[in-house]
Structures are given as C-alpha cells and as structure tokens.
Amino acid sequence: MAKQVIFNEQARAALKHGVDTLALAVKTTLGPRGRNVAMGKKWGAPSVTHDGVTVAKEVELKDPFQNMGAQLLKEAASKTNDVAGDGTTTATVLAQAMIDEGLKLVAAGANPMIFKRGLDKGREALVARIKEQSITLKSRDEIRQVATISAQDPEIGELLATIMDKIGHDGVVTIEEGKGTTLEYELVEGMQFDRGYISPYFVTDSSRMEAVIDEPYILITDKKISAVNDLLPILEAVLATGKKDLVIIAEDVDGEALATLVVNKMRGTLNALAVKAPGFGDRRKAMLQDIAILTGGTVISEEVGRKLDSAKVQDLGRARRVKSDKDNTVIVEGFGDKQAIQARIRQLKQQIETTTSDYDREKLQERVAKLSGGVAVIKVGAPTEPALKERKARVEDALNATRAAVEEGIVPGGGIALLNAIPALDNVQTQFEEERMALNILRRALEEPLRQLAINAGEDGSVVVNQVRTLQREHNNPNYGFDVMTGKYVDLMQAGIIDPAKVVRTALENAVSVAGIVLTTDALITDAPEPKKNGARTPSMPEEEF
C-alpha cells in the first residue's frame, strides 16, 4: 500500500497540532475546579467524565499526521494510569509544556538528541528530589485526604478510609455498579472463593440456605472423590478425635462418597460439608495450596505421591468457621502458621512484580487479599447512567491513588511537589548548551500543573506561581501552596491537600519520555488515502403499469 511521508518543520507542526488538541481537551479537567468533558456516542446518552485518561482515550483526529501527535501524548496518560492509576492529566500537562517549548528550540537549530539527553539528566535529579520529599502514610486521616483529593468527593474519601481500616492495605476492593443512588460497601471476612456446597443436604440454616460449620477439620484434595473406600479412613480418624465436623474441598464429590456424607449428616453421625475446589488447571493447584497454607493443612494430591486413603488427621487444615452457600464458600480465620502465610504472600507479591499479563496480575492480587483476609465490594449508585459511570471512574481513581500513597508515601498536592523539585536541576552537570536549554524547559514545565490548576479556578496562573514562591520564602515553609477550592494560600500538608509520591513521579517520568520521543522525531509516515472509486451506477428498474 502507498505511503505518504512528511519531514522536518512540516512533521513537527503536525505533531504539535495533535499534541495541543489532545492536551486542551484533557487539561480542562485538572483539579477540583476542573470542568467536565462530554463524549458523544452513536447511540444512547453521552458519557460525562472528569477523568483525564478517559478523555484522552476518546480523542482520534482526522488528519493521520496530527493524530500521531495525539496518540504519542496519549501514551503519557495511559502509562501513568497503568502504573499509578491516577495523575494522567498532570502527565499530559507536563508533556505538552515540554513539547511546546522544546519544538521552538529545535526549530531554531538546537540539536534534539543532545536536548533529549538534557531532559533525561534532569528527570533523574527531579525523581530523586520527589522521593526525598515523600512522607510515609501513617494515619486513617491521611488515607481519607488522598482519596478525597483524587475523587474530589469527601464521601468517597471517607468510604475508602473506612474500608482500608477494615481490610488492610493488601485487601482487594472490587467496584461494581449498584442499584440505588448511594455509595454502599460489603465486607467479606476471610478467604472467599466462588464455589458453593455440592448438595443442598449440607445446609445447616434453611432460612438462609447456608451451611455453617464451626472449627471443622478441612480435607484438601485435587482428586474427584466417588468411592466411599477412599473416604472411610479419614472419616474414622476424625471421629476418633471426638469431633465430627469435617469440610471436604475436592475437584468433585459424587456417587457413593456423596451419599455416605449426606446420610451420615442427616443421622447426625457426621457434620460434613463438601465443596468443589476453586479455579481450573494450574490456578486450581495454586489456590488449593493457598487454602492449605491458610488452614495449616496439606494438599492430598497424587502428583506428590499421596493417595486419599493415606490422609491422616495431621494433614487436615483447621479454621474458626467455614460458611458456604450455593455459589460461594468463605473460610474464616484459618489456623495456619502466620509466618508461612506471610512467606506465601511475599512469594505472590514477587510474582505480581514480574508478570506481564494484566489478567494474571489481577488474579494474583486477589489471592494476596484472600490470604490477608480482606475483600470489600463497593457498590456505586447515581440517579442517571452517565452520572453512575462518571462516579464509578472517580472511585477507581481514588482507590488507585490510595494504593499508590501507601506504596511510596505522600507529598504536598496542588502542583507544589513539582515546584519544590525545581532546585534539584541546579546541581545537574551539563556539557552542551542544548542540555542547559532542556533543564530550563523542565523548570518552566514543572510550574505548569500549578498554573493550570489556577487557570481552571479562574485565577491568573503566573500570579499564583509567583505568590506561592514568595509565601514559601516568607514562611520558610515549602509546603505552602494555593488551595483552589477556597482561593487561599495555605500549608497544603496541614490542609490535607496531598498527592501520592508515586503518582507525581510516574507522571513526570512518562511526560519526559513522551516529550523526548516527539522532539527527536523528524519524519512521519502514514498510509496514503485510497482514491475514491467511481462505482458503476445501478440501472433503475423500469416502471411498470398495473
């Protein structure tokens, strides 16, 4: 297929147009005084959002060369969202500022490759300074503040702080669309998996159709149990201990084995519950091992040379309670060794860091949460469909920001962390004039988020930046900044206006990366449009008279 190619000034102008178009749409959403963006669809109501990455994903320009600029800038937002889950608008604002100023210097004859080297040197110094500013997240109040700032909704902030209090920082939080108009949440204590009882005859509470067994022995196997002879040795061993509570987690239980369990349950000889093992294939084996570690049991598997009739009481797990309905089973407070559980959690976290699959990462995080004993479901409600989608996106942003803050700590919000990082550029060693130019552009770009926050709040951006610097010197306090909600200059840390350090760092790194790519691009290649074909006209049908 034929291609079209443009070079030099023409290529840079097309890229700049695409970058500016996307940035203008995205940066209006920055901060609590940012505007919403409505996105039309071919059918149904338009989506309304305040989320930078959602806006960025919607932008596709008609001109293919300009669209390249928009797509490159979109990368800064998308990568920031993938790593930190928030800060996408900040990344876009930073990247546009660097590209805008950098293209002027490239057009004036600066060498873009040396210029990029200067940007990279500056980035390293700035990232180190941001990490120095970071303070470890300590209190519930700080978690609430981070979530409130990200979602721009105190109710969401309070809800997430409450949930984090109850499930811990490793807990899994699932966000669903609710049926009402309010925010609600459910907590699931212990390890839950999506398999219920095999037979309704195991139910102990007929009004709720639940089977609840306190302090049972737990037999864990990846085998299908059909023959009663496989089960008899372990049933006799359990009864010999003086207890009759037994939970069986197996691939399946049917035939004589199931009939024996049900009959003994109904007679009161044995208080049994049989549930299917969770997951499939290798994931099932891993989850059964998780259950074994949590309960202090052993997985009885022929893969390791163990047959079911060789199981002893010492191989069985224990838990304070096991609760099962037709769809789910929950193991509460397993009696497993705490050190073994923590070692398993560390192992899973290492796998999370190395995996490249988003699906695998999500499943591993769920397993960590289940071992940690915390799963929460947030049900987001709103009066209308567009409002529901917009609110759900804000809850997701707030959750991601909270996790990022727990991971790397917090810094002053309102663009101040970036402003305070600027002096770090004074110590960067440069060899060429273009490197010094790059550092000057970084100095200007780092002011841009604060400037844009002020503009969105109806203030003069440059005046606000100068006033913040003056007040920081007067009060000898680097945390002084501009509160866009009140229009006052305050100590942002005391006022609870804080950002996760990971979000600020990731936004800066991705902005510098994308700016470097755009500034060093000198030719653009895209598919040439196909010429319109004049198709043969379809002859009209002759009119007939009836």
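Here, residue 1 is simply the first one shown, and the rest follow in order.
Using the three backbone atoms N, Cα and C, a Cβ is placed for every residue, glycine included.
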One of D315, D325, D327, D499 listed by Swiss-Prot as binding ATP at the site of T29, L30, G31, P32, D86, G87, T88, T89, T90, G414
D499
Among T29, L30, G31, P32, D86, G87, T88, T89, T90, G414, D499, which the record lists as binding ATP, the farthest-apart pair of C-alpha atoms sits at a distance in angstrom of 17
Which residue among the binding-site residues T29, T88, T90 has the fewest other Cβ atoms within 10 Å of its Cβ, if you could check?
T29
Looking only at Cβ atoms, how many others are within 10 Å of the one on D499 (ATP binding site)?
29
Is it possible to get the count of other C-beta atoms within 10 angstroms of the C-beta of D86 (ATP binding site)?
33
Residues near G31 (ATP binding site) by Cβ (under 8 Å) yet at least 6 apart in sequence within the same chain, in sequence order, are G414, Q452, L453, N456, A457, V484
